[in-house]
Amino acid sequence: MSNGRVTQVMGPVIDVRFEHNEVPEINNALIIEVPKEDGTFELTLEVALQLGDDVVRTIAMDSTDGVQRGMEVQNTGKDISVPVGEVTLGRVFNVLGDTIDLEDKLDGSVRRDPIHRQSPNFDELSTEVEILETGIKVVDLLAPYIKGGKIGLFGGAGVGKTVLIQELINNIAQEHGGISVFAGVGERTREGNDLYYEMRDSGVIKKTAMVFGQMNEPPGARMRVALSALTMAEYFRDEQGQDVLLFIDNIFRFTQAGSEVSALLGRMPSAVGYQPTLATEMGQLQERITSTNKGSVTSIQAVFVPADDYTDPAPATAFAHLDATTNLERKLTEMGIYPAVDPLASTSRALEPAIVGQEHYEVARDVQSTLQKYRELQDIIAILGMDELSEEDKLTVERARRIQFFLSQNFHVAEQFTGQKGSYVPVKTTVADFKDILDGKYDHIPEDAFRLVGSMEDVIAKAKDMGVEV
C-alpha cells in the first residue's frame, strides 16, 4: 500500500500527507514505526478526516511520544480489526486486539474482523420480547431486563455501578452459562485488574472476553474500544447463534473521549463543549447492539452522570437508546442499602402485564405505590414525628421500610467486603415474597431482619438469630 509522511502532531491527533491519488479512506488504519530505546514500536492511527491537498487527519490509538514530522507512515488499506471466536474467551485485549494478559500471544491464523460494520438489516431483527432473569430482586421485580435489549446503569461517582456489573457477569455465567464480553472504556485500571482476578478465581473468566482502553490511555483508544468489544460479541451472535452479554463500563467515557479529540479535529463544539457528532457516534454504536433472528447481544452499560445532572447531553443521549434504566441513588448508599437502586426512578419497557404477567405487574406497581406514599409522608414524619400519622399511614410506613430494606441484597462479588454469602433469587420467589410483605404476612418481623438478604427464608433465619419468634 501507499506510504505518507507526518506533517503535524497535535497531541493524539496527527496529520499525514500522501502522494496524489493515494489518499487513504476514512477509518483506514495507518502504521508508524516509532523508534524507542529498546527497538521500535508500531503506532496505529485511524483516519478521521480528509483535509484536501492529499492530507488526512488521524487519531492515534496509543501515545504519540517520539513521533516527529517527516516520519514515514504506512497505509494498511483496511480498518482496525480484532480477533473473534472461541480464542477470545478467557483473554484480555486492548483496542487493537493485542493480548495484554501476559499469557501466550495469539497466532497469526486467528480470524480477525473489522471494528467498523453496518448495523443488522431491518429484516434480520428479532421482534420477540423475552425477560432476562438476573437474580437481583430489585432489578427483576421493578425494572426487568430484556434479552437483546440495552440497559443503562445510571449513577454518580462511587455509588456501585461497577459492583452491580460484576454481579451481573457472575450471575449470568453461573446460572445461564452465557458468554459475556466486557469493555472497559476509560475506567480505572485497578478496577479492571481486580475484575480480571476475581473472575479468574470464580471461573467466570472462561466464558468472558475482556477488552480494555483505560483512563490512562489516549482518547483514540477509549473512543474505539467499545467497537472492538462489540465486534467480538457480534461474532458469537451472528456466527454461533449465541445470546451474548456485552458490558460497557463506562459509556460516558466513550462520549468523553470523542469530545477530547473533536476540537483537535477542527470541529466546532456544541452544547456543554461536547462534539457536534455526539448523537451520530452514539447511534452508530447502539444500533449494532440488538437481537437478530440468529441470536442476541444484550448490553448493560454503566453511565456516569456528571455532577449527578441527568440533563447533561452525554447521559441524555444515551437515555434515548435504552430499554431499561437502573438508577443508582446516593441517598440509599448513605442508608446502607445495596445495591442502591432507586425503585421509583428505575424503569423498563418490559414491565407490562403482557410480558411479565399480571401478578408480577400488580405486585411491582403496589410496591412502587407503597414506596411513593412513604416518600410523600417523610416530610410530615420529619416535622411532626410518626405519632401524628393515622393508623393506616403508620402501617404503610412500616411496610414501606421493610420493602426498602428487602430490596437490598447480599452479592457474591461483595462477599470479601460483607462477610456474607451472596444470593441469587429467582423471579417467582421475588414476586411471591413481596406479595406476602404487601399483604402484611411479615409485619411482626423487625425491619433489620430484612437488610442485605436473599429470599424470605433468609429473613426468617435472621429474625430467629435475633431472638424473634416467627
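Even glycines carry a Cβ here, placed using N, Cα and C.
Annotated features, as they stand in Swiss-Prot:
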BINDING   Gly155, Gly156, Ala157, Gly158, Val159, Gly160, Lys161, Thr162  ATP binding site
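A map of Swiss-Prot features onto the structure.
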residue	record	Cβ within 10 Å
Gly155	ATP binding site	25
Gly156	ATP binding site	15
Ala157	ATP binding site	11
Gly158	ATP binding site	10
Val159	ATP binding site	24
Gly160	ATP binding site	22
Lys161	ATP binding site	27
Thr162	ATP binding site	22
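Gly160 (ATP binding site) falls within neither a helix nor a strand when secondary structure is assigned with DSSP, and so counts as coil. Note: the ATP site is recorded as Gly155, Gly156, Ala157, Gly158, Val159, Gly160, Lys161, Thr162; in the same chain, Phe304, Leu328 also have Cβ atoms within 8 Å of that site's Cβ centroid.
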